[in-house]
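What Swiss-Prot says about this one:
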DOMAIN    54-288  domain 'Radical SAM core'
BINDING   C68, C72, C75  [4Fe-4S] cluster binding site
Amino acid sequence: MNIKTRTKKILQKAMDEPITKEEALYLMGVTGRDLQALMIAADMVREAEAGDRITYIENWNINFTNICSGQCGFCAFKRDAADGDSYYLETERILEIAAEAIEKGARELCIQGGLYPGLDTYFYEDLIRAIKSEFPDVHLHSFSPMEVYYGAQNAELTVEEALKILKRAGLGSMPGTAAEILDDDVRAVICPTKLSTGEWVEVIETAHRVGIPTTCTMMYGHIDGPEHRVEHMDILRRIQEKTGGFTEFVPLPFMHPHAPIYREGLAMPGATGADDLKVYAISRLMFRGLIENIQASWVKLGFKFAQVALLSGANDIGGTLGEENISKSAGASHGVRTEPEEIIRVVRDIGRIPARRDTLYREIEDV
């Protein structure tokens, strides 16, 4: 394959060890055959690290309120309490949705919501206990670092105290959302009222320290550049070296159509397909030996492009989901619910082995 000498040298090295930040930034700029070579190299590392299984989980998202005091410029989900289409689900209704989800096969509930005024750690604790008392076997993968931080502030608790309360109540793991781009200059534009980079890292490292594993995410394609993406992934890499608490990395392409910062002319219209493939491939090469699982979210990418991402370093396709109002509000057009049979079909179509998993990737069963 006719590729640049530097590209070839980096990719050959990547077969044996993680690439550096400088090498990752260089690879963010490759095109043509060099991009194809990057994708192939990442797929080879994926095979060495994670094998030929493509995993998925039967889960259900419950976004319990869209009322939020935050001011995130990428979010089209947020409403004020006075808005006609605002909503807040009472615990009884959440339990009804949980029962329906579990009846349909969900083994994980991912519960997140807006920063409803006054909600605190004790609210989240009571909600966890209510669900676990009714459904003791379901795994609760719930509450973003921002919700944890906000709830702790409102309860006048430290982050560590709050997390210990939630763990005792039955919280199994946390989504590593609210990361967006871990650069405070970028955050000042896209999410000025959200926790800072340092505060996000504090919540995540504390969660890992008290025994709550998390995922990690990166939302890109708005006002960020390649250097922000590489630095973000390097921050995640350093956390994982320290704690080992990340279960997977989930790239989240910016959904621009209804996002305020796009409508105001401040943001790009999302990442390109080449951008997406570079993120999947480079993350695989950066996280070598540290984060085994990289998710290609079909809700964000659609099944067709998710297949390409799965040939470029990713090894997980996400969940069946049930409902996912946040992406839908922002303009995602690929649906919010799928059946396992559809996931199995698209995985087999690329010559891989579909496998059903649990949240923490501890129980994996070929299907």
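Glycine residues also receive a Cβ, built from the backbone N, Cα and C atoms like all the rest.
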Model confidence over the domain 'Radical SAM core' (54-288) (mean pLDDT, whole number):
96
Using an 8 Å cut-off from the Cβ centroid of C68, C72, C75, can you name the remaining same-chain residues around the [4Fe-4S] cluster site, in sequence order?
G70, Q71, F74, F77, K78, G114, C191
